[in-house]
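J.: The following block contains the structure, expressed as structure tokens.
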Amino acid sequence: MACSFVSVGVGILTEGWPKGMYDGVGIILSILLVVFVTSISDYKQSLQFKDLDKEKKNVSIQVTRDGRRQKVSIHDLVVGDMVHLSIGDVVPADGLLISGFGLLIDESSLSGESDAVNVDNQKPFLLAGTTVQDGSAKMLVTSVGVRTEWGRLMDTLNEGGDDETPLQVKLNGVATIIGKIGLGFALLTFIVLTSRFLWGKIAHHEITKWSLNDASKLLNFFATAVIIIVVAVPEGLPLAVTLSLAFAMKKLMNDKALVRHLSACETMGSASCICTDKTGTLTTNHMVVDKIWICGQTKAVKSDHSENLLKPLISEQTFDLLLQSIFQNTGSEIVKGLDGKNKIMGTPTESALLEFGLLLGGDSKFYNDKYKIVKVEPFNSTRKKMSVLVALPGGPNKYRAFCKGASELVVKMCDKVVDADGKVVLLNEQQRSSITEVINGFASDALRTLCIAFNDIEGSSERGRIPEDKYTLISIVGIKDPVRPGVKEAVKTCLEAGIVVRMVTGDNINTAKAIARECGILTDGIAIEGPDFRNKSQQELEKIIPKIQVMARSLPLDKHKLVTHLREDFNEVVAVTGDGTNDAPALHEADIGLAMGIAGTEVAKENADVIVMDDNFSTIVKVTRWGRSVYINIQKFVQFQLTVNVVALMLNFVSACVSGSAPLSAVQMLWVNMIMDTLGALALATEPPHDGLMKRPPIGKNAKFITRIMWRNIIGQSIYQIMVLLVLKFRGKQILKLDEHDDTTLLLNTVIFNSFVFCQVFNEINSRDMEKINVFEGMISSWVFLIVMGITICSQALIVEYLGAFAQTVPLSRELWFVSVMIGAVSLVVAVLLKCIPVPSSTYVAAATHHDGYEQLPTGPDLA
């Protein structure tokens, strides 16, 4: 800009007003145009990120307000609300404990102390930003937002934005190298042009005579050198990454995926393995009781059944016991909606049991009024059971414990069973094996099994402790959770894309296997249980891990161990889904953590990179598609930009060395720079994904960003363009039969500039696909690309025909326009022919090392 201001002054002094100011003002206007277009584009992206950030912080909370339980946004929470807290929740405001059971709070985010704090009636204070580690509670909100302790702390900090993504870091390195090469060429060009000029003055004995014209020439040489640097430095690379990621994030938001960290978008494109939960991700998470075993009988449950389903089959005492266990041993709640209808708020499994209790004609209020709950041990993924202790009305020291949970676990805790006559009898081995058969039968039908048991206790010493044994088995419940529509197709797409899908679940192994077969996950691999996996040695794990397709009855630490081994021993890029608080380590350890938006706890979401808003596995596949699309789009843009860089640098450098002048003026180079950086990034970085992306293996962790295929295209295209444009520069007047007059050089330079721009227009079309010969496929649907092409061609016509005073161009005849367009069109033909030259592919190398059980993914000619 400084150079252009001096140019305006010198120009007016040498050529007069207004002709002398055109060159300098043209440069200033071009710079302003480039800066404003780039800035507006960047600003629009930052607005998108702000919207996503707002969405990221929007959490739904269950509160009691106006006498009824409801869900509200964290932004709408007010003092006086009663908040319901459970395991994994982040406390949304400061408040006081009203009631709760076994509430353990992790206050490390505020106090730095790692030990969890017990909150009870003696210490009832709850602080915003802390997390519920165990138990459940109701809390009265006393202060919100910046008035909370957490708010005051956060008010003193300004939250930083996202760090640069790995791809941006990689591309910044590329940009630095190219910039240095450009600086070298610019210096050489300036030295060559100045040396030729000085040599001419010495030869004509004019070295002591200097005029404003000479100063103007030296200034133009300096401007040419500066513009070479401007064109060489690919500042559009980081912009292209941001554009592509922002575009992908916006589209993914519409596809029900909230990307919390930018880098996850591109990393997901390299994912070679997805470890997924079963419940809610592969299945619908709308559970219903499908079968029940009670008093030695199995009964199928239909929604049109009423209380007559079980009443005729079992004694009244057993029926009452079953209803009491359903309504009192639960973490869910039956609330009345605005429409007056009963609504169940809680987890899907708990909701299914309560729905079943209501179907049998039970009333939760009756049991909660009659029996007072003394202690609750909520369900978590380590215990795999929920227990409750209630006081019986018969006397001061009479209690009844209820337990429900994972079938194998609860059956082991039982030594008695309610028999066909409704009597409590000792559980013998024969009965145990028949109960195990019932559990396995339910599981084979893809039902989730829960056992319900009770234990009557007498004596004050036992109060406050829920027993772990001597239970009486009441019933086994089979809960159905149907597979989501589209999951089977999504799993098939993953397998075709070279991504191994593994199911990791806390469910019974038979249930897990049945669902995994239905989804297409379990084929020729193995299914293993968590305890078996935990006990394997390192050597056994190395042999078995590649073959694992299902892990059942697993703890969150098993998932963490599996992820760690896959990443470290097998060099896999691992995506993990999780919803529980205990999934946080695995989500954090994985390359991409995917938390569930509906079933996920706040702790899981905080540790995840992507939040899957609809908890659907198909959405995870969409994230992978977009991740691959981002990577490929950036590669296309880099191929396009490097070609323009090489041609512009070589054309100006060789021309300067041979003829002493550069064919492309400062304003023309700035326009080319805008086509290349801002418009090129817009056109190529926002191309939507196509189905072909999921037909190739994932991109390896250590794969080179600029591949052999890209080098072939860049070098071939650059050679063609440099040769044609240099021939035009040195033999253009004869070839085009231009008459010798003052404007001939300007006319020729205009043809060179026009041909160069049309070469880039067709090169941009060619860059839409680096390997396919038909580059026009899907172009009509990419409206951003078409708009950019239209703007580029119209602007070029405007510059050549009407802005000649600023851009140093003259209007061209139809024939010369035809020549320019044909040179560009032939560049596309050359690009297509280049694609017929076979190149060993090094882009798509499966990230996994091929151990036992791995089918080697094709590369090179096999892949083609």
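A Cβ is built for glycine as well, from the same backbone N, Cα and C atoms used for every other residue.
Just so you know, TrEMBL annotations are computer predictions that nobody has curated.
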J.: Any idea which of 642-662, 663-683 is down as transmembrane segment in TrEMBL?
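T.: Of 642-662, 663-683, TrEMBL gives transmembrane segment for 642-662.
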J.: With a Cβ cut-off under 8 Å, give me the same-chain residues at least six positions beyond the ends of the transmembrane segment (20-40) that come close to it.
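T.: That would be 1, 3-14, 220, 223, 235, 239, 665-667, 670-671, 673-674, 677-678, 803, 805-808.
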J.: In terms of Cβ proximity under 8 Å, which residues at least six beyond the ends of the transmembrane segment (714-732) contact it?
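T.: 639, 642-643, 646-647, 650-651, 654-655, 658-659, 663, 738, 748, 751-752, 755-756, 759, 763, 766, 823, 826-827, 830-831, 834, 837.
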J.: Sort the residues of the domain 'P-type ATPase A' (60-156) into helix, strand and coil with DSSP and give the three counts.
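T.: Split into helix, strand and coil, the domain 'P-type ATPase A' (60-156) gives 17 helix, 47 strand, 33 coil.
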